[in-house]
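Contents: one structure, followed by commentary.
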Amino acid sequence: ATRAGDLTPLQLESLREVCELNVSCDEMADTAGIVAAYIAYYGPIQF
């Protein structure tokens, strides 16, 4: 599984930019973290 520590700051920012367009994903990111939220809404991270 991908963890935040496995990604560069630029990759994390890319995930945030996608996730913040979806209110539900953005809210989940605030509580569960950006990686968990992105995977829940968009599937595996493709970097």
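Note: Cβ is positioned from N, Cα and C throughout, glycine not excepted.
Small disclaimer: the values here were computed from a predicted structure and weren't measured.
Per Swiss-Prot, the feature domain 'Gla' maps to 1-43; the stated evidence is sequence analysis. Taken from Swiss-Prot, the feature Ca(2+) 1 binding site covers Glu13. Annotated 4-carboxyglutamate per Swiss-Prot: Glu13, Glu17, Glu20, in sequence order. If you look up Swiss-Prot, you'll see Glu17, Glu20 marked as Ca(2+) 2 binding site. If you look up Swiss-Prot, you'll see Cys19-Cys25 marked as disulfide bond. The Ca(2+) 3 binding site annotation in Swiss-Prot covers Glu20, Asp26.
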Completion exercise
One should report the C-alpha separation between Cys25 (disulfide bond) and Glu17 (4-carboxyglutamate), rounded to whole angstrom, as 11
Fill in the blank from the handout: Rounding to whole Å, the Cα atoms of Cys19 (disulfide bond) and Asp26 (Ca(2+) 3 binding site) are apart by 5
Completion exercise
Here the disulfide-bonded residues are Cys19, Cys25; the one whose Cβ sees the most other Cβ atoms within 10 Å is Cys19
Exercise for the section: Round to a whole number and give the Cα-to-Cα distance in Å for the pair Glu20 (Ca(2+) 2 binding site) and Glu13 (Ca(2+) 1 binding site). Expected result: 10
